[in-house]
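Below is one structure, written out as structure tokens; the observations come after it.
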């Protein structure tokens, strides 16, 4: 067959003594190029330069140049403008609020949202996601800022806090965009990320209670910060500022039900009603004309400057101290961005480029870090708002940036009297989605207990001990669970369904028949250094013969016989001289292992199969491997499993039925094989 492999049909067993010929597939030739040639070709491809390659590189690096010339003004412009304006209105109060979480002044939250919207518009490949402030990342940044302030001996220093925050942002951006550590995010499962976000949300919720009560408490540091914060809150309840408490309760009574109404009627509303903005305006006016700061000591946002500050460089000396924190921030930020990008791309039928997303989110942090911004990533809530209000392209993000620019240049100073307790309420209300995950725990437990266990461990550790440790333990727990599944794999005996070429587990299905003279087993895991011993034990246990133990027993019997002969000087009995020490006859002469689930073999795995083959051959049992994939066959060849000099010629069986027929034809050729014990 030109261009493909030819096959030879299987020959049925002929007369007695005629061996069954298994199906033979002609393999494609594999020409392995020398490593030097491969590296040279790739290097030449990377370093070659031409106008066409330069244009392609520019288009790939700045995707807006691809889609903007094809923009459909009549179809898309209205939706993009509407969604951009709505997201900008919703984003402004949230940007100010989340600045508290990152231990920064309110103006820097507006800076962060403004720059990230513009940069992602030019570099992102997703049409729908909204890149901006994300609560969990703000928490991680705030923890680093508070820690470095404590190390430097500052109780509160706005300038130093800005320097630390921007340095963390720069480092995380470099890790994401230039060093591309985002590949690590493939090890973050959905249950791990969900548990981490929920645990961090509990920490965020606790950290905002002091603003809600009007308490002036320092942010706790180190392990167990959530518990320490609660202890501090309970010990300071007598210092509660009643003005802040009443304002917070009123805001909660307004925002919680109105948010629920927005969600319930989102299919009927053309756009969500910006109740947060209404609350911010109303409370700012009340605080200003009621003189809440002067009369009741209420803590307010203070002066918010207009315009932009000149850029500044990160503090290079801080990078070694905050690099590990920036690493975890980069991984979480990239994982969230890519998962949201791919989710909405699949929903709307287009493709995103994960590599370009890595660059885009990296530069969304690198460039803004020079303008005193903190870490950004995709945000689910605002992305859903964009999608529901008619967003078609990232042009909507440019509109959002224009709304934020208007606030930065004109409106920002009017928020001077805005109480911080109102910002805390906005943060707490937006955590409802993450906290609702607790209601899903029973469902997760019924669906998959391993994933539910990872979720609970990550959530509890992130909340009660430390957020970074929670992420690390979640990754380790996920990896351990995958490893444990290979450790718990069993060797299952197979039976045949009637006269069909179907072989399934005897323990799982009824009506299956065992095969005379042939025993077939399936091992449902790769065979490698960590489980090769367990594989052999499981196989020996299920076949009813442990050659290692039997060999040791025979040696003990032989030693006992020799000692008895030496002591009595008697001749060997016929039974002893025959070496027949086994108590019964084996029910099979051929052992087949279905290697279909064996994804790969390492050196230890090949050695284990060699040992199994040798052990069973010693007792007259032939080992056949069936349904090996090409990777497994290559490993067997390289590992010396097939060795014609020792009689172990290469026999490849592409189906279990083929191996069974071959084993049965062995019996018809050799007659009744003596496999007695």
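Note that Cβ sites are derived from N, Cα and C of the backbone, with glycine treated the same way.
Listed ranges 7-29, 30-52, 53-75, 191-213; the one TrEMBL annotates as transmembrane segment is 191-213. Taking Cβ pairs closer than 8 Å, the transmembrane segment (401-431) reaches residues 84-85, 88-89, 91-98, 100-101, 106-107, 110-111, 113-114, 117-118, 121, 135, 201, 204-205, 208-209, 211-214, 244-245, 247-248, 251-252, 255-256, 259, 276, 279-280, 283-284, 287-288, 292-293, 298-308, 381 in its own chain, all 6 or more past its ends. Remark: the transmembrane segment (158-179) makes no contact with the transmembrane segment (191-213), by the rule of 3 or more CB pairs under 8 A. Note: the stretches the transmembrane segment (359-381) and the transmembrane segment (452-480) are not in contact (fewer than 3 CB pairs below 8 A, sequence gap of 6 or more). Confidence across the domain 'STAS' (508-663), taken as the mean pLDDT and rounded to a whole number, stands at 82. Recorded stretches compared: 81-100, 273-292, 452-480; the one with the most Cβ pairs under 8 Å to the transmembrane segment (318-338) is 452-480. Among the stretches 81-100, 273-292, 452-480, the one making the largest number of Cβ pairs under 8 Å with the transmembrane segment (191-213) is 452-480.
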